[in-house]
Amino acid sequence: MKLELRGITKSFGALVANDHIDLVVESGEIHSLLGENGAGKSTLMNVLYGLYEPTAGEILIDDKPVMFAGPADAMAAGIGMVHQHFMLVPVFTVAENVALGGETTGFGGILNLDDTRRKIREISARFGFDVDPDALVDELPVGVQQRVEIIKALVRNAKILILDEPTAVLTPQETDELMDIMGQLKSNGTSIVFISHKLREVKAVSDTITVIRRGKVVGSADPGAATTELASMMVGRAVSLTLDKADAEPGEVTFKVSNLTVMNDAGQRLLNDISFSVADGEILAIAGVQGNGQTELTEAVLGLHKHIQGSIMLDGRELVGRSVRQVLDAGVGFVPEDRQDDGLVGEFSIAENLVLDLYTQEPYSRWGSMNRAVIAKNAKEKVAEFDVRTQSSQDAADTLSGGNQQKVVLARELSRPLKLFIASQPTRGVDVGSIEFLHKRIVAERDGGTPVIIVSTELDEVLELGDRIAVLYAGRLMGIVPGKSSRELLGLMMAGLPADEAQAQLDAPAAGSSGAGDVAPAGDTEGERS
Amino acid sequence: MSVTANIKPSKAVDRVAIRSWKNPILLGVLALFAVVVFALLGPSGDATFRISQDSDVWQVPNLVLPTKVFGIVVALLCVGLAVTAYRQMKQEGRIAKWVTMAFAVVFVVGLLVWIIGGTKTQNITLVGLFTGAMLITTPLVFGSLSGVLCERSGVVNIAIEGQLLAGAFTAALVASITQNAFAGLLAAAVAGMLVSFLLAAFSIKYVVNQIIVGVVLNVLVSGLTGFLFEKIMKTKVDGVTIYNQPVHLPDLPIPFLSEIPILGPMLFRQSIIGYLMLILVAAIWFGLFRTRWGLRIRAVGEHPKAADTVGINVNRTRFLNVLAGGAIAGVGGAYFTLVAVSSFSKDMTGGLGFIALAALIFGRWNPIGAALAALLFGVAGNLQSILSLAGTPIDGQFLAMLPYALTILAVSGFVGKSRAPAADGEPYIKG
Amino acid sequence: MSETQTVKEPTPPAKESQGSQVFREIMSGSAMISVLAVFVALVIGGILIAVTDPRVSASSGYFFADPGATLSAVWSAVSEAYGALWRGATYDPTARTWQGQLGIFETLTFATPLILSGLAVTLAFRAGLFNIGAQGQILLGATFAGIIGFQMQLPPVIHLLAVILAGAIGGAIWGGIAGFLKARTGAHEVIVTIMLNYIAVSLVLYLLKNQLKAPGSTNPISAQMHDTALFPLLLGPNFRLNAGFILAILAVIVVAWLLNRSTLGFEYRAIGANPKAARTAGMLVSRGYTTVMLISGALAGLAGVAQIAGTEKTLDSDIAGSIGFDAITVALLGRSKPWGTFFAALLFGAFKAGGTSMAVNADVSIDIVAVVQSLIVLFIAAPPLIRSIFRIKAVRREGASA
């Protein structure tokens, strides 16, 4: 089936998310949409899937124009979508989720799930999935949930499958398996639209690549194109993919985590017996696929978790058992992974957000009463120093772009003498210009002698910033390796191999272990990158 | 090929027991209460439970229990179960379901015997207790079913009270004017739907907070019915208030079934509203958990976006469910003026709508659970009025508090886990 | 419906807490919307008054023969009712006594408990909590105040101060329970406060039948408050207006400072707008929930004091009337701002004062006031509705004149 988008425009008020986008997906091809976070890829696909109504433009299937009033129409036309955030009801079983919206029923609308179960088993057998139709989705690992989403689309006879950032939650190994599945789907005649901002994956899997920037198509490329060329198309200028930073000069070890275990209320170990330390003037980058304990690690340091065993020492003082307030007062600067959820109060002004964790201190307040003049003056200084693009520091924080919001958080956290600086996903959803600025400020803090911990799921960022790199997998520390380690090594560790085993596998590629074989293709792109 | 063999779950699966001491503490406190009150301070003499009435076809002998001895037995059982709960929590990190269930049953029975043994007459007619309870239970069930439909689809319904009141008023007015009770019943359903329409329109279309809308609608309906009551129903024509003389729905006893002791008079000697209640509880339960309709409603209430992406119109589903809920609550309101009492009076629902909300939560958003909770609350309410005449060791006001106190315990996690649908109260805005 | 919603800005609704979303709805409307909402609500109330008026229904029988008669009947029914409402709430030159003429002071008297309980709802609201329990907190406040007021003998000023303090404590306990349960177990405060309202009624009834019953009385009603425990009257014995009103104004000033200027208020607002960010910034969210409900309950408790030590003088289980629910509407109309709440309470106080006069002088049940109040709040909470109503009218007017 051939899909064509002609002049699709989608605007939200004054914001134009898609600007006259033309796109042709030929039958049986894997067509990648490459673009930065916020470039408009997901909006475009939501238009295609009938979730948004386009402001202008038309969609053609096999050269006939179609109109989608909702996802039901899109599905009927043979379009299936695997969303970035899975659209699965957690308390339903796999079969119930797959059936939903297209249920087989008996007399009086009575559900008959046997038919659905049979189809799930059929598709599972065809693609080698191991999916139990009666398992509760909530209890399935992320990789399996993604397969349920693919099954959902295939059960509805999707001829065009949209995969929206499908690899964000997968290990490199799971990613490679997904790519195998995509290959099989393609050979069955299914067209695939693959949305990603990861150059390596796009190059490895695509037949055609279309690059989108700021809501516009900026061109198409051949999968054989050089990584740097794709990158500069994506961000709109030549980018140096490496940050100029001097080698670290580690001082005394002042931050030490020993045998740290964190549990949730249900008693699951989210972090299991972690030990590491960070020296003054050093950046420890923590890598890993999302959801492997990174969030819990940073939150444990900050004192946000109840069920903790082990010890976290800063400057000879125990942090475990202290309140967040006490941890902050002990000199910890903290940039949470989700700035809108955890870092900012969106309705508060920029000025108020800049004192969000300093408001109890003089001169911002005295005798329980806030000093507005001082707070306004502080805001003016910080906005200038961190180049926050805003009309006024009295504007609400949620009027700012992602990058500027992150600058506000960073400005606040770096505006006092620190003994430890922790930043989670410091540049997620941030434009390239701001990324450079933010990275430089982080390195500057390191050079000032502060121990720094950076958590990131982006390997590029980890490799750029880390003086040493720790890898977390399923709540365990796979090891700590030097900052200039290879992608393959990190990939294997992110997939659950301890550092020494991963290194051994790389040293002996002939061993034929499945893990090494699957990850190997990454090697050629690595060569182009440097 | 097989790609699955290599997948390692990226969720952590290690598990250690995190102990919650809420339940053992609660059971311990209640066991202590049983020891002191039922056993040590228990009244002497016998408590008599009369099961059959003289007119019954089958005669079942009365149940006579020696209060003091029975109190001691109950207290010992409670202590034993509380200790078991404590041990289970200590060793396994959780309490087996049967322990809490058994404790609840034993404690309630002990409480009942202690109360009856403490009255002057020391006896109670169970038929009276349960049939009287139905006067409260019936509107509660309708109200809580309205809540089930709304909240399962993701709309919080605080306006049950208003829906009941609107139904009661309209039923009285229309049944008086038309001299036809069924017309009154139908009109009550429509009135309940109108209240629901406002709830749906404001909370779904205008995305006003659902709790605000619910609270305000209760005030609106109370004011409106009060105003019309003064203006219309009190109007006398030839010295009679003709607009507040509703024709009543007749009782329709089912032969044979209505002769079963206790259950017969309770369930099978009712008006059409009573039978409708039984049917609705079963139908809504079956519908929710066994049909396409229910699967979609639950999906909309748990994860509206997921429902949207498979082509289910979230807001229309919600709108329709809220309307259906309103109709059901309206019928429940009609019960007041077409069955229970002779005419409408101002604010006659007296907060039952909020007890219905409590029943809904205590029944964990499940139609059958809600109906059983409504029965429990109805029995407690009726016991209170029976006892206010008989003189008791416990003030009726404490029985009146029971539904509310139990609900607070339920939402605080003391009585099992009461979890609302995930998207309950969250408006759904596309995009 | 779906068309209008698809073009909305892609704001992620799941990201913000319920409290903040409600808060934005309430705060985002303009003052114009409030005025229009009051107007539309009065119009609908007027329609109700007209259609139930016997003269209107009599003349509508020959509407087509003489539409003027019907219209004049409508006009006289509505104008009489609202005229009586207005005069009763402000100044009535036709009243027989000069005390009766000055309804404005009755308005202030009725407004007093509404201001205090409205502040209770407002404060909790800004911290992201929905205090539906002002009713129960008022009752407990009045009970605690009453216990000091009619069961103890104390020297004049000290007695009143003790009554005020006791009332605040009573309300604080009842509010604090909800806050504590929310903080410790996550129990939804809406459910808990609703349930506590009813528990409070039962509790007070129990006390009134036993410990607190007036000697010799058969009804569940308490003895009179001692004179030393009463708020002094501000305008002499002819008016009910008392020092409770001064207390209410002080409360507005304190709450305004607390919310807008103090570090505690900064914390509450942060918790209300984004509890997760507040927690990450080192604020103790659970302590915030508990303390804000303690203060909120105390304010509602003061409304109970205003009742028992101001106007009612004896305790019965109905002493809170409908104040607890009116408080919610007052807070919403006041857009959850302290001074906004103050003026909203004055308006609703005027409705109450005027409603009584309307019932007597125009034979229109005071229930119409509840209808108008609830309509006002519905319209204010849904600005698009008000806008669409007036846009349609504007278009029609153009069409008519063209």
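Just so it is clear, glycine is given a Cβ too, placed from its N, Cα and C backbone atoms.
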Checking B:3-22, B:123-142 against TrEMBL, the stretch recorded as transmembrane segment is B:123-142
If you count every Cβ pair below 8 Å, which range out of B:63-86, B:154-175, B:319-342, B:372-392 shares the most with the transmembrane segment (B:25-43)? B:63-86
Same-chain residues at least 6 beyond the ends of the transmembrane segment (B:154-175) with a Cβ under 8 Å from one of its Cβ atoms are 139, 142-144, 146-147, 181, 183-192, 194-196, 199-200, 203-204, 210-211, 213-215, 217-218, 220-222, 225, 228-229, 232-233, 243-244, 246-248, 300-301, 304, 314, 318, 321-322, 325-326, 329-338, 343-344, 347-349, 351-354, 356-357, 421, 423-426, 428
Residues from the same chain, set at least six apart from the ends of the transmembrane segment (B:63-86), whose C-beta lies under 8 A from its own: 23-24, 27-28, 30-31, 34-35, 38-39, 42-49, 51, 95, 99-100, 102-103, 106-107, 109-110, 113-114, 116-118, 122
Remote residues contacting the transmembrane segment (B:372-392) - C-beta distance under 8 A, at least 6 residues beyond either end: 115, 118-121, 124, 128-130, 132-138, 140-141, 144, 355-356, 358-360, 362-363, 399-400, 402-403
Compare B:123-142, B:181-204, B:211-229 by their Cβ pairs under 8 Å to the transmembrane segment (B:319-342) and return the stretch that comes out on top. B:181-204
Near the transmembrane segment (B:211-229), which residues from the same chain, at least 6 beyond its ends, have a CB less than 8 A from one of its CBs? 156-159, 161-163, 165-166, 168-169, 173, 195, 198-199, 202-203, 244, 344-347, 353, 425
